[in-house]
Amino acid sequence: MDYFIQQLINGLSLGAIYGLIAIGYTMVYGIIGMINFAHGEIYMIGAFVALITFLAMGALGITWVPLALVVMLAASMLFTSVYGWAVERIAYRPLRSSPRLAPLISAIGMSIFLQNYMQLLQGARSKPLQPILPGNLTLMDGAVSVSYVRLATILITLVLMVGFTMLISRTSLGRAQRACEQDKKMAGLLGVNVDRIISLTFVMGAALAAVAGMMVLLIYGVIDFYIGFLAGVKSFTAAVLGGVGSLPGAMLGGVVIGLIEAFWSGYVGSEWKDVATFTLLVLVLIFRPTGLLGRPEIEKV
Amino acid sequence: MTMPSHTAPTPAPAAVPARPAVDWPGSLKDAATAAFVALLLTVPLVGLRTVDRPTGLSIEARPDEVIASIVLVFLGRLGLGLIRQGLALPVLVLALAAAAVGLALPMPTQVLRLVLVAGGGIIALRAAITLTTGRSKLSQAERDRRMDRVAAKVQHATKYIAPVAIAFAVALPLTPLADRQLLDIGILLLTYIMLGWGLNIVVGLAGLLDLGYVAFYAVGAYSYALLAHYFGLSFWVCLPLAGVLAACSGVLLGFPVLRLRGDYFAIVTLGFGEIIRIILVNWYQFTGGPNGISGIPRPSFFGIADFTRTPPEGMAAFHELFGLEFSPLHRIVFMYYLILALALVVNVFTLRVRKLPLGRAWEALREDEIASASLGINRTNMKLAAFAIAAMFGGFAGSFFATRQGFISPESFTFIESAIILAIVVLGGMGSQIGVVVATLLVIGLPEAFRELADYRMLAFGMGMVVIMLWRPRGLLAHRDPTILLHGGKTPRVNAGAAR
């Protein structure tokens with residue numbers, strides 16, 4: 001039972017990370033119908049910006065942990081969203097009316113580019129970081145110990161989710177975004193600046209991915225330029241699992257995948273956890289092609 | 001540098017009174033915005049580098065590179081803006097000057113030099129085009145139409161180009177030029193051409209986006225390696241077996257997922273490719289795990305003769321059989337012809353199958369799935385056939401790869417390989433056989449030619465994919481004529497495919 005709860009919390013924190021990345025995929029897919037293949041790389045950039053910010057603060061002599069964390073979070077979100085914006089502006093916007101494959105190839109190219117860009121700039125070796133937030137919370141008479149970082153991840157994700165849901169459902173920006181998702185042309189006719197909304201979608205997705213990147217840095221303490229690929233694929237899996245286009249679905253999908261991974265590693269062995277994830281994806285798509293919370297899509301002639 | 005003269009606003013407009021006044025504040029503001037974005041992009045990642053020190057990770061500032069990139073972005077953006085407003089001549093001169101400065105003067109880093117030369121060159125080219133055509137930019141549609149005409153011409157010229165190209169490829173090893181290195185590159189190119197043609201059946205003909213083609217390549221390679229390792233079977237027995245096994249894995253995967261829609265299908269094939277790779281890594285008792293399999297036997301000359309100096313018992317030596325001087329090059333030449341033949345088989349198959357009901361059904365499915373389903377085409381079976389056939393060719397290529405390398409490991413079958421093959425197909429223009437060849441020369445040949453720039457190869461590769469897609473979203477030689485026309489094509493031709 002203790003072991004179960006331990007794995008449950010590990011899975012939840014991992015799932016929160018996948019969910020944060022998956023939201024970027026799902027929003028972009030919802031609004032312009034493309035797989036933003038470079039999104040995993042955006043998450044990787046987020047992790048690197050967080051690392052560099054921390055090191056830079058260390059060099060400046062700022063060592064007070066709460067301040068460091070807040071600055072890391074802010075810097076990571078800011079700079080990463082600029083990357084998200086630039087990727088959309090350079091690689092996707094000119095291709096908006098092209099055949100469906102063109103943006104996907106462009107995105108794959110962008111992903112390869114960003115990976116190598118990071119490798120050239122920051123080196124190919126993995127970057128270790130000493131724990132910034134050490135310490136554990138012990139529960140159930142010391143049988144279960146949960147690191148503060150994992151708790152913080154879950155909490156921050158919850159807060160972000162609440163805020164994000166409010167943003168989408170209550171503000172005029174969110175309304176415009178949902179309108180674009182339904183019908184870009186009509187939204188444009190009614191005075192919504194579609195280009196701006198799409199850019200903002202990318203910015204929001206990138207900001208959330210940056211949070212995920214920072215959390216991964218804090219939890220695992222090591223990153224490299226290649227982490228984006230697998231995380232990206234799994235998060236897209238999460239988005240598909242939850243139903244592409246649905247925000248709660250993305251979060252749910254992320255949590256499901258996180259839990260599967262944690263329990264699979266905990267009870268079966270960590271080598272095969274990725275196979276378990278992908279098999280789940282195939283099964284879900286076969287039996288419920290629209291995902292868990294997705295709307296059925298009607299093909300029109 | 002000479003650049004700051006741009007910022008002096010007064011003299012230039014007076015020099016060309018006939019043109020509308022240049023909007024200097026607007027251009028400057030635009031360029032400044034671009035420079036600001038460049039600042040935000042470069043400060044954290046370019047300006048601050050992590051350095052491994054014995055005491056741990058530390059950080060190093062590189063403000064010069066940030067400043068350089070900002071200045072370059074600012075000037076570049078300003079130059080483009082000014083070209084559009086009719087100041088092409090001064091921009092041309094300045095851009096050429098910048099490129100010359102980059103070439104001549106010593107620079108702190110090679111990257112800066114490269115950026116200066118390339119950026120100056122591109123802007124100079126843009127300005128030169130503007131000067132000659134009198135327009136700053138062709139519209140997208142206009143450019144597309146032009147390129148379509150070029151593509152159509154190339155497609156029609158294929159009749160003449162193809163035999164010449166094949167004759168060249170056949171004659172190449174016989175010329176004195178052919179050394180080991182050239183033949184190796186030739187084999188590499190032909191392998192990718194074969195893979196591209198194989199994938200073209202799925203992506204170009206049947207219109208299914210397969211992101212995991214490398215899985216079948218891996219199945220083929222491991223089939224041969226394992227069969228040779230455990231049962232001692234020869235290459236010529238394993239080649240068809242590898243094809244069959246790859247086709248079976250294609251059917252096995254295809255059966256459940258083929259009813260999925262485009263992007264879901266893509267992601268599932270990607271997942272499948274990863275599953276195969278993970279299995280290869282983790283099932284180490286059987287596959288050798290991450291260490292791979294080494295000592296894979298080389299092919300013999302159709303089981304008759306061997307390419308070694310002293311062949312094993314019961315086997316003739318190739319050089320003795322043909323009365324030649326022994327040369328290690330013989331094996332390479334043979335491999336070259338082998339992959340050339342395999343690739344041509346795929347090509348001939350594709351060209352012929354387009355004229356069969358099967359191929360026409362694929363093209364119909366690609367153009368409109370619902371319409372073809374309502375006309376009685378069995379969607380699943382047709383797609384499954386495309387998938388299995390393409391997988392079979394992938395399997396052939398894979399077992400060739402295994403025997404050529406003599407060593408395989410899961411490292412060779414990562415997603416990036418799938419992406420490269422898909423890029424070849426899409427960049428060449430989906431469904432275009434000659435496009436695959438052109439794209440392979442670009443994607444594989446160019447980086448091979450610039451091996452010295454090894455570090456920047458993949459960077460340039462990624463950027464090249466983006467640039468080609470932006471420039472020509474339907475692929476370089478995209479040109480879709482229907483393969484079969486009513487009345488033997490006598491009816492007035494409409495570029496139906498071009499509208500897509």
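Cβ atoms here come from the backbone N, Cα and C positions, even for glycine.
The transmembrane segment annotation in TrEMBL covers A:12-35 (among others).
The feature transmembrane segment is assigned by TrEMBL to A:42-62 (among others).
For the transmembrane segment (A:68-87), same-chain residues at least 6 beyond its ends with a Cβ under 8 Å from one of its own Cβ atoms are 24, 38, 42, 45-47, 49-50, 53-54, 57, 62, 110, 114, 132-133, 199, 202-207, 209-211, 213-214. The transmembrane segment annotation in TrEMBL covers A:68-87 (among others).
Taken from TrEMBL, the feature transmembrane segment applies to A:148-168 (among others). Same-chain residues lying 6 or more positions outside the transmembrane segment (A:148-168) and placing a CB less than 8 Å from one of its CB atoms are 9-10, 12-13, 16-17, 19-20, 23, 131, 133-137, 174, 177-178, 204, 208, 211, 215, 218-219, 247-248, 251.
Under the heading transmembrane segment, TrEMBL lists A:275-294 (among others).
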Are there residues at least six beyond either end of the transmembrane segment (A:275-294) with Cβ under 8 Å to its Cβ atoms? List them, or say none. 234, 237, 240-246, 248-249, 252-253, 256-257, 260-261, 264, 268
Six or more residues out from either end of the transmembrane segment (A:42-62), which same-chain residues have a Cβ under 8 Å from its Cβ atoms? 21, 24, 68, 71-73, 75-77, 79-80, 83-84, 87, 114-115, 118, 122, 127, 129, 132, 205-206, 209-214, 216-217, 223, 225-228, 231-232, 235
